[in-house]
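Under the heading GTP binding site, TrEMBL lists GLU12, SER13, GLY14, LYS15, SER16, THR17. The Mg(2+) binding site annotation in TrEMBL covers SER16.
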Amino acid sequence: MQLVFIYPGTGESGKSTFIKQMRIIHGSGYSDEERRSLIKLVYQNIYLAMYTLTRAMETLKIDYENPNNKVCLCF
């Protein structure tokens, strides 16, 4: 017997993320080729998150705890 699930939801609501998590937890995970293809995306997401955080610190006038950690955001 095969089960079919329907995941309704708007765009960016986490449907794909849910499916990926179920695949990792209960399925076969990802092949080496699939993992290699996702490396660039992971690094891009990390970069964007750090960029967003440092820009928000500037906007909200939040100082770095250690002034030596301040970097030039030349993008």
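Even glycines carry a Cβ here, placed using N, Cα and C.
All features noted in TrEMBL, drawn onto the structure.
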residue: GLU12; record: GTP binding site; contacts (Cβ under 8 Å, 6+ apart): none
residue: SER13; record: GTP binding site; contacts (Cβ under 8 Å, 6+ apart): none
residue: GLY14; record: GTP binding site; contacts (Cβ under 8 Å, 6+ apart): none
residue: LYS15; record: GTP binding site; contacts (Cβ under 8 Å, 6+ apart): TYR7, GLY9
residue: SER16; record: GTP binding site; contacts (Cβ under 8 Å, 6+ apart): none
residue: THR17; record: GTP binding site; contacts (Cβ under 8 Å, 6+ apart): none
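The Cβ centroid of GLU12, SER13, GLY14, LYS15, SER16, THR17 marks the GTP site; residues of that chain outside this set whose Cβ lies within 8 Å of it are GLY9, GLY11, PHE18, given in sequence order.
Taken residue by residue with DSSP, SER16 (GTP binding site) is part of a helix.
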